């Protein structure tokens, strides 16, 4: 999504069209030597136009986007540059020169808005360095007693300065944490130290291809082959993971997991002081050997975790699996799809998982003709798959078509026994490929109710909020009711797109909307609902959200009564918090018995 603000990045000045990779140093990052300077002049790069799609597919099998990866590599293959042998040093110099030539060719023409870092990372989308724990933050109002725990929000925050194409979704994962305890608050932010990031820090430069911003057309093929050649000379190790862990978060079986579609989850420890520490890539005790989408679902009644994994190269393109409350994984259920589909989210009901198979698909062969591998396929029919949670075979999926439907996110779903329908609540986005291939202009995200009739195999779709023309994206329902019928949803008001000017409490039955606006020049992100301490009504609780003032450059955490829709407390944060993606709240009692919050 493109950013429209132009506030300067406070940590370092970024010049446009530069050819150096400048590192954004963090407060606890290891010291590194000066980044190399790539200043070669533009070249007339002529990729092999006869490159076959099959060759692209074979190459992509080595770098999962996402794809199956080994669970535990037998031995680390990468070394620091100081440990390279003579052949590796020569190979590194040659490959660096090729990389510089590719960058020059890329910058020979203006970058598209959707991948221009001067646009994508302007204003409060600009990255920030890590921030150590700061305690006893200034608070206006009073923190409710039930708000006791840690709110953590994920986001894309590139460690190194992008010099060529960069999509907002390509940034390294950074977590921002606000700890609430006995009416006080603290703040910290840390990078999720993925294997990709660790390897790039050792090399003091970015070398992993950016899955969305760079892997387009002929230059994308060249970058992919360049990366694979680095792996051949053991300058990098793709087998350890290529993901950025910048999207989803979930707390399951006493573990906080940071996720993105391109890798396994990463376990992050919440320390006693409220700080964050990356434990490492998490494979559920050697049970998971494939990527997992960024939005697994935790059933609030059974405490089971449900997930999907999709592959853009190998069949079956989609797999479903679940974990018991103790973290024991079920066998994979292979689901046959005619082509690999981009699936960012799905839904659960009491008895089913609801799988969107929409019109945004991966066509890797498009790269050979100069295009994007993520395309909107108008000839494909959008549909939802309804599969029992305890299914053992993908043949048990019931597919129900839903014309012209693309839901980037699904907020909830439930079963209605009398009508034989499954009700799905999601935000339908048009154009479907806008966040990948568009400029962000003219995007619509309409909160919709989709009814899937399991008796007739037909569907109905209707707008929930009529007449207000609201873009509603990023949000949630009370997760204590996930998979069951809910009355309310709390959703970001994405206006002016893609910035968020407030959030809406939507009555899903009547369509009534109550708005909470952040104020002039103030924008925020995903609202997160935290249930109150008692067994009250569904909306008995509070919405927590991070808000940034573009006038003053300051950020804050707000606690809003979900019933009254009024601010009860504001926490002044000691550092700027960029606009990000998804978050979660870990209650004090859900942390381990060591009482880390004390």
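Keep in mind that glycine also has a Cβ here, set from the backbone N, Cα and C atoms.
Taken verbatim from TrEMBL:
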type	residues	note
REGION	22-49	region 'Disordered'
COMPBIAS	23-43	compositional bias 'Polar residues'
BINDING	295, 344, 409, 582	Fe cation binding site
(request) Using the recorded Fe cation site (295, 344, 409, 582) as reference, state which further residues of the same chain have their Cβ within 8 Å of the centre of those residues' Cβ atoms, listed in sequence order. (result) 247, 248, 294, 345, 408
(request) Quick one: give me the count of other CB atoms within 10 A of the CB of residue 582 (Fe cation binding site). (result) 24
(request) Count the Cβ atoms, other than its own, that fall within 10 Å of the Cβ of residue 295 (Fe cation binding site), considering every protein chain shown. (result) 21
(request) Specify the count of other C-beta atoms within 10 Å of the C-beta of residue 344 (Fe cation binding site). (result) 20
(message) For a quick check of packing: other C-beta atoms within 10 Å of the C-beta of residue 409 (Fe cation binding site), how many?
(response) 23
